[in-house]
Structures are given as structure tokens and as C-alpha cells.
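Here's the structure we're looking at; comments come further down.
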Amino acid sequence: MAVHWLNPLFRIGYKRSLEQEDLYNVLPEFRSKTLGLTLQSYWDEECLKSAKELKKPSFCKAVIRCYWKSYSLLGIFTFIEATMIVQPVLLGYLLRYFETYDPNDYHGLELACYYALGMSLSLLLLAVMHHILFFNIQKAGMKIRVAMCNMIFRKALCLSNSARGKTTTGQIVNLLSNDVSKFDDLTMFLHYLWVGPIQVAVVVALLWGEIGPSCLVGIALLIFLMPLQTQFGRMFSVYRSRTAVLTDHRIRTMNEVVTGMRIIKMYAWEKPFAALVSEYRTEEIVNLMKSSMLRAANMATYFSASKIIVLFTFAVYVMLGNTITASRVFVTVSLYGAIRLTVTHFFPSALEKLFESLVSIERIQTFLNLEELPKNTNVFCQPKDASHILKSCQGSSATIPTETAVLPPFPQSSLLSAILGELPLDKGVVKVKGQLTYACQQPWVFPGTIRDNILFGKELDPAKYEKVLRACALKRDMELLPDGDLTLIGDRGATLSGGQKARVNLARAVYQDADIYLLDDPLSAVDGEVGRHLFEKCICGILKDKPRILVTHQLQYLKVADQILVLKEVCRPLLPCPITEQSTRHFCSCMAEHTQTAVEEGRSQGTISTDMYYKYLRAGANIFGLVVLCQAHAFCIPSLEVNAKHVFSGLTAATVLFGLVRAMLFFYVLVKSTETLHKRMFDTILRAPVHFFDVNPIGRVLNRFSKDIGQMDVLLPITFVDACQVLLLTIGVIVVSAMVVPWILILVVPLLIIFLFLRRYFLQTSRDIKRLEGTTRSPVFSHLSSSLHGLWTIRAFRAEQRFQNVFDAHQDLHSVTWYLFLTSSRWFALRLDLLCAVFVIILIYAYLGAGDVGLALSYAITLMGMFQWGVRQSAEVENLMTSVERVMEYTELESEAPWETEKRPPLDWPSQGLVTFDGVNFSYSADGPVVLRNMNAAFLPREKVGVVGRTGAGKSSLVSALFRLAEPQGKIYVDGILTSELGLHDLRQKMSIIPQDPVLFTDTMRKNLDPFNQHSDEELWNSLQEVHLKSVVEELPAKMETLLAESGSNFSVGQRQLVCLARAILRKNRILIIDEATAHVDPRTDELIQRTIREKFRDCTVLTIAHRLNTIIDSDRIMVLDAGEIQAYDAPYTLLQDPEGIFYKMVQQTGQQEAEDLLASAKQVSENPSTQYKNTTNVNLVIHETPM
């Protein structure tokens, strides 16, 4: 009962910082899986019942049916606690004894002792009962929240593709972070909606017996407050609805920004995204500020209501000709005090939380009602006969036997989607016999070890595992990685190169003992040599006895296919494609030389410094504003003294008005602080180097922008203001009591010392628990984000339950820290209340005059609740300040170079497009390995240069160095200007890039093409015409203003690539970098992109990084990289004359016919060199020599 089992933990926490290993196991009653399945069963019943009655299912009804019994029992105890108003009655009897004090009245003395004993016991009983009750109420709220989180994640794994277009990762994160947390608060106050009026009725009866009809004045004022609070509650609901939608948009945008940071930096698009987030945040703050002003009014009402009520009650009482006595005054004040908390705090809080929770329930219900992917009833596990029949949408059918089928060009992924059951059929059926497995086009890996990613839940068979590693060309990688296959993969595989991710993705599919293998273009992300190895040793080796459907653009492999299924482009609705591994997190560089490991989330140590409080307040007000705030609170104390003596009604009114202004001013400053810190954090995130995003999971960053900012928006201002006002009121109570009864300080001083020691002892552990609660929350969001990106793979492998179990494990760990936080708070509060009870008991048995004992006891009882509440709130402020600490940590991250510097390039720079590398070494971080070594090269104006090399040779690192994604050592010149002297935006805006994996953002097509609004409609349509996308965009509902789905998922990969090409056309820069842009597109789109590049960029310097040698064989020169060094740099035909050269070997690995075609193309280029290249060579050399 006294939570004594926490004592060992507090002793550990007092000696050192707590670690995750110090935590206990989750209790069975709080297990995520158990709670989620229980609530899910009630929701399923509600859905079935509603379907029969042809009405919309109500999630609210399901929640009520699930929890009403246990929560109703808590309501009975709430009622008992609220109606046990014995202290004021006993106080009245005790005071009457002192008013008519007679030394010889032994019977009166005996009764007074009984009254004193009754007060003592009631104080102790209520102290214990209150904490048991509130602890169980908090547990009830925690259970509801955990169950809802489980259901939301379970639903996310089942969403159909059309439903995915109606929600976003940001919205689901907001549901998991902010919406469900409303129920933690709701359960605390909900019972007071019915207990409050009953408690008022009981107090009215007691007051009528004490002061007669005069009590009706005070009650009338109390009753007037109730409808006012109801109106406040409705207004909170309105503001909550608006804020929730805006928070969804903000977090969705933040998710895309963090996910797409590499591309945003290369495009120099930080400012438009900052403006977009700022727009959402500004609207969010407007609604937050309005609701905060309502809260300020609520709080001012709470602190001033008792003063107004007592003033008016006794004014009427005296006017009716009655005489005021000490017993009547103090009993009346105590009775009003008994219901003041309920009427002015609990009841309005219940209304506020109820309306906010109804909004959250509606949002969760809308999500839970989204369409689910239908269960694939046409999949039959019959491994003995694994051939399958596909009946297409047109009604035709094709039988694909147990040999490899190769499917080029356009809607090939849609075919696999239909087989997997991900694509809804207009007509016809898809029947599959046998167990499927699937390797997606854009590689997906999840946080964990490489071994975990390959086994994907299967038992480890060492012989089979070794065979798969060799077949997927991963054996050498495992030897080079620091921990082999136990190396931890960062969020979305940030620690692996693109080729490594592709091979891990393939190995996962191969390791599964399936009947049919669907391989969606697994060879595109690797070079020719590795591609041939994968095809021969894996697809046609280890899988040779299995039916394989291989989607590929590598036409040289078609000769070994048993059947070739050619798909023509068809009109198809724009449905979301799988949002798999995005380019934006793609981290290509040397696979052996460059291996990063995801860093653990840091935690601050020790107390929250005074400097942290100052920085927090300083963010919302200048020095003058802070002085005004301090003065506002200083006036609180003398006003108490005057009111305590009931002298001037005018001063009471002034105090009320001043209290309202003070509360509003404080809330304004704290909301402004949050606004400022959010802006600073976002600005810092935008300026952080790319390395930060490679080693920090998305969930960790989103946690700050969702949960931490959410607590700073709502909880921290209320708690901060409450703690300040309560502590100052406590000081006022002590001052008034000490002036009347000076010896009371003999008790107060040691009590204060004990309180402060307890607070310090408690905070040493509680702060660490709160910090652990923050860090254990991040994996929940990271797992959600990762799972949503790999949804097709998870469902193809039937791994939904396993990922649900991982989510439950993450949530159970968070539940442990949350439960410890609740129990530690009760441990602290119970001890404070018991100390206060002892303090009051000592006062009760002291001998005083009637007025003195009345004042001392009434204030002591007030002090009992107020003192411990103030100390608890101050501790809660410190716990919530850990959110400020975490946000502040992200406002002080390392920053990349400035966006603009004093040295600005000419407006027409670069006019020629000469790029020179002079002794360049490049590393992604200060302590990271060097991935480019001693690079000396020049890319001449209007020259077309191909960059080739095996997977991990450093090709993409060359681009990163050019764009200064990390600062290179050595010198890079563009048209003779040293790039390191320029601002990053001046540099990056003057170069165009078509990235390896295309990225679109959730905005209009117009904003995706031209976020700065620099181009006319005609220019935008012309750019789309150039890339053959005009007709596609014209078919969209709002054409150019159509809002794209999250990550542009309602376009195919090829179409997204064409949008990136249109961006490059619009920018009209002299330098174009193409980073394996055609790796995932079919030959037709590839040819289209290459032709457009030749036509639109013939006057530009073009660097093309490619795995497909046919795309760069007609280049003026080819740079061959190996292990971060230049192995060769010459014309293609010249390089092909060296049989020992890397490039020659790469060409030979494409196959005899392809090699002959490439040799012929290279020879043709050498015989007909680029005219413009020849004409400018001499000029270029002069410019080239200057920087070298």
C-alpha cells in the first residue's frame, strides 16, 4: 500500500543514474497484447452489430462496454471520498468548545478530545484512500491507452492501398502520441461529472444548518460556474479538433522532411519546407493560445472562487442581522473549501478532458473504419503442385509453370501486386497454389541485425544460411562488417549501401522455404558483376527447382527464361504503390570502407539546471517580460493576507482581476516559449548534416516533434503555472498563520526541510524514470514508421503477427517506465500527505484560543493539501522539463556550413560548367572512414561523363562531396570558384540532380515541381510535356493542383523519376548529376530519359552514375572508381582496349551479345566525338589549369 517495493529502486536512483537494466518486467495486466485483443474483441462485436443494424459502428461504445465494470467500481470509491465531509463538521464542534471554554467542563473536554481524534483519523484515512483511488484510476487510463495503441498498429498492418491514400504516417504517429494520451487524463476526472453535483448537494445541506439561507448566495455562485465550465469544455473540444488536424499535417510533413532530408538538401529546398511547417505550426499555436487563455480563465476561477464566495456569503449573512462567530466562519470556509476543488477544478477538467477525448475517439474511430486488405482466400498451400494460374483483369489467362518467367516493361509491379492480393481487381480472379515469397523492387530492411533481416522469423539453419549468403554475394560483406551478420542496421538500412540492402532484401526471400518466388527487379541496384552472380548463383542456382517470376529490365538474361510475359502499358487508376525504402535515406558509399552504426539515444544526467529553466522562459519573453512575471507573482502574497482577514471587498475584486491577468500572461509566455523552441529545433534539424539522419532513427526525431512538443504545448504550461501559484499561496498561508500564531513556525520549518529532502530524494529517481520513458517511447514510433514502409513485404511473408509482437514488446517496455513513473509519484505524494496529517494532528492537540485555533486549523488543513500538491507539482514540472531538455538538445546540434556567405557567385555562375577536383578526400563524419581518396579530376564544360564502379566503390560519395553533404578535404572548383567558400544554397541551387530513388512530397504537383513559385504555368506544363507526363497530370482530378499521396505513392517509380527529370529541366542549370536514375525503370522509360537528357542538356556538363553500361557508353569520358579511388578516366573505347581494366571486365560480364553492342557503341563515339567538346577543349584547359 505504501509502495514500499520501490524503496530499493529509489536507493539505486539516489546513488547513480538509472539504466534500462534496472527496470522491472511488465505486469501481466498491462501487457499490450492482452489489453489490445480484449478491446479489439469488443470493437469487432460493435462492428458486427452495427453492420446488422446498417449503421456506423461506435468506438466509444466499444470502449465503454470493455471498461465500464472496473471503472464504475472506482466511481463508488470516488463518491465515498468526495462525500466524507467530516472535517469541517468536527472542526465546528471543536471551535464551539473553545468559544464556550470552561476549565471545569470535563465532559466538554472529553468531547473535544473525541472531535480531535475524529479529525486525526479522518485526515489519515483520507490521505491513504485518496492515493489508492487515484493510483487505480491512473492504471485504468494507462490500460485504455495501451489497448488503443495496440489496435491502431494492428489496423495499420491491415490497411488496403486505397486506405493508405487516406491516411499518413504522420497522422498515425499523432494518434499514437497525442490522441491516445487524452485517456490518461480523462479517467482522472470523469467521475466528478456525477460526483460533483452530489457533493455540492451534501455541502448545501450542511451549510444550511450552519448559516441558514445566506449559503444560497455562495451556492448560486458555484452553480453559475458549472454551465460556464461546460461552455469552456465545448470550446476546448473545438480547439482540440482544429489543433489535431494541424498537428497531423505538421507531423506528416516532418516525417517527409526527415525521410527526404538528403534530397531536400541537394535541391536546397529547406526554406519552402520550413515555410510549410511554420504555416501549420502558426495555425496550431493560434488554437493552442486560445485554449490556453481558456485554461488561464479556468485556473483564475479556481484560485479566486473561494474568496468571492466567502465574501458574498458573509456580506449577506451580516446584512440579515446575524453575528459572525469564529466557529461559523471557519466551518463555512472549510465547507466551501471542500467543494471548491471539485467545482472549480475537477468538474471543469472533467468536461475539458471529456470533450477533448471525444474528438480523439472520433479520430481513432475514423482510422479504425478505414478499408482493410481483404484476406486472400485464393491462396492454397499445396507445395506438391506449385504451378499457378493468373486470370487477368481482361479475363484472359496465362499458366506459368515451375520455371522462371521474366516480365519486362511497364505495369509489371502491378502484376505482382495482383498476385500478392495488394491490388484490387476490377474483374476476374487471381488464384495461387502454394506459399508465396516476395522481394520488393525498392529494398526494404528494418532496424535490427543483418541476420534478423535475412531470417525474418525463421529458425537459423547454419548450412542453408551460409548457402544463401554465398548465393546473394553477401559473404564478403559479412567478413568486412565490424560485427559480421550481427551488425546492427540503422533505421531504413542507413548503415548499408544501396547494393547491400538489395542483396539482403533478396536473401530474405531466398531463405524462406516457399513454393513460388516473386522477384521484383532485384538486379537493378547492383552492378553488372554482382548482378550476374545473383542471377547465376541465386535465381538460376539455389532457386533452380522453384517457380520464379522475375521482373527485370536486364534483357541479357531473357535467353534462359522458360517463358517471357511481355506486358503492354495499360490505363490504370492512380492507387498508392508500396511505400518501401525511400531514396531519401539511401546511403551509398563504400560497403567495406564505409560502415556506420546507429547511435543509441542519449539521456541527460542529473538535475534540470536553473539555466534550462531560464532558457525555457527566455524563449517566450525578454528580460522585461520575465521581470513583470516575477512581480505579478510577488503581489500574490500580500493579497492573501488581506483576503484572509476579510477586510476589503474592493481588494478581493482586484485580486481576482489581477489573478486572471497574471494567469493569462504566464500561459502566453509559456506557449510562446514552446513556439520558439519548436522553430529553433526545426531550423537546427534543417541545418544538421546528413550524417545525423543516417545514424538517428526517424522515430527518435519524430518523438521530439510529436510527444515532447505535445507535452510542452499542453501539460507543461498548466503544471508550471499551477506549481508557481500553489507554492506562492502556500507561502502566503504560512505568513498569515505565523503572524497570528508565531510558534507554528516551529513545526513548519522542520516540515519544510523534510519536504525538500524528500523532493530531492524523489527527483533523483523520478527524473531518470521520466527520461527513460522518453527514450523507450522512440522505438514505438520507429517500429511503426519502418513497418509502414515495408508493409507489402511484411504481408507477403505473412509476418504481421510477428511485427505486432515486436510492437507489443516495445510498448511493454514503455509501459514499465510509465507504470514506475505513476507508482513513484504516488510513493512521494503519500509520504507528503502523511507528514502533513501529522502536522495538523499536532496542531489539533495544542491549546489555543477559539479564533486562533480556527485560523490555525483551517489554514493547516488547507496547507496539508496545498503544500504537498505544490511540492508534487514542482516535481512534476521538473519531470516535464525533461521534454524541454530533449527539445533543447536538438536545438544545439552540429550544423553544416551556412546556406549563404558573404562571398556570392555571379548571377550567371556557372556559365560554362567546369568542375575540378583537386586532392579531394571525403568522409561522411569526422571520425568516419575516408570513402574518397586523393581524387584529382576535371569534368570539362558540356562534357558527358559516366561514373562506374562496383557496388560500394564510392560513386554516390562523389556526388555527396560535390554537393558538400559533408565537408570534403581538398579543393573542388566550379568554373574556377572554390565551392567551400560559397554558401550551401548558392552551390546546390546551381546544380541539378536526378536521384537514384525519386522522391515526391505530400503536396500539389505544382509544389513538387516548383516549391519557390519561380516558374509560370506554361513552363511547368512544358517541362511535363518534355518528359511525357503531361497527359498523366491532365487526367488528375485537379490537374496541377492535385494533392499527391504520401511520398507520391500514387505514381509508379518510373513516373516519379520523370517528375525529377522535369525538375531538372525547369532549373536550367549548367551542371547535371544523374545518380543511377534509371536503376528501377524499364528500358522504354530509360530510353526516354536518356533522349530527353541529350536534347535538353546538350549544353550542360553531365555526370551520370550508372549500373547499366549502355546508358553511359556514349559518354565523352568514363571515370572508373574502385574503393574510393580513380582507377581509370578516359574515353570509353580507350578503356575497352585494356583487357586487364575494371571497365573491360564489367563490359564482358554483361554477356557476349551485350558486350559486342557496347564495344560497337564506344567505337562509334570515338570516331564521331562530340563537336561541342572538341570546340571548347582549349578554353577549358586554361580554366582547368588555374585552380590546379
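Just so you know, glycine gets a Cβ as well, placed from its N, Cα and C.
Look at TrEMBL and you will find 71-94 (among others) tagged as transmembrane segment.
The feature domain 'ABC transmembrane type-1' is assigned by TrEMBL to 82-349 (among others).
Per TrEMBL, the feature transmembrane segment maps to 114-135 (among others).
If you look up TrEMBL, you'll see 189-208 (among others) marked as transmembrane segment.
According to TrEMBL, the feature transmembrane segment maps to 214-232 (among others).
Listed by sequence, the residues of this chain that lie at least six past the ends of the transmembrane segment (299-320) yet keep a Cβ under 8 A from its Cβ atoms are 211-215, 217-218, 221-222, 225, 228, 329, 332-333, 336-337, 340-341, 343-345, 348, 643, 646, 649, 652, 655-656, 659-660, 662-664, 718, 721-722, 725, 729. Taken from TrEMBL, the feature transmembrane segment applies to 299-320 (among others).
Taken from TrEMBL, the feature domain 'ABC transporter' applies to 359-594 (among others).
The feature transmembrane segment is assigned by TrEMBL to 646-671 (among others).
Residues annotated as domain 'ABC transmembrane type-1' in TrEMBL: 647-879 (among others).
Residues annotated as transmembrane segment in TrEMBL: 714-735 (among others).
Marked as transmembrane segment by TrEMBL: 741-762 (among others).
Positions annotated as transmembrane segment by TrEMBL: 828-847 (among others).
Residues or ranges marked as domain 'ABC transporter' by TrEMBL: 915-1148 (among others). The average pLDDT computed for the domain 'ABC transporter' (915-1148) is 82.
With a threshold of 8 Å between CB atoms, the same-chain residues lying at least 6 positions outside the transmembrane segment (189-208) that come near it are 71, 74-75, 78-79, 82-83, 85, 88-89, 137, 215, 218-219, 222-223, 226, 332, 335-336, 338-339, 342-343, 346-347, 349-351, 353-354. Residues of the same chain lying 6 or more positions beyond the ends of the transmembrane segment (71-94) and with a Cβ under 8 Å from any Cβ of it are 111-112, 115-116, 118-119, 122-123, 126, 129-130, 133, 136-137, 140, 187, 190-192, 194-196, 198-199, 202-203, 206, 210, 327-328, 330-331, 334-335, 337-338, 342, 844, 853-854, 857-858, 861.
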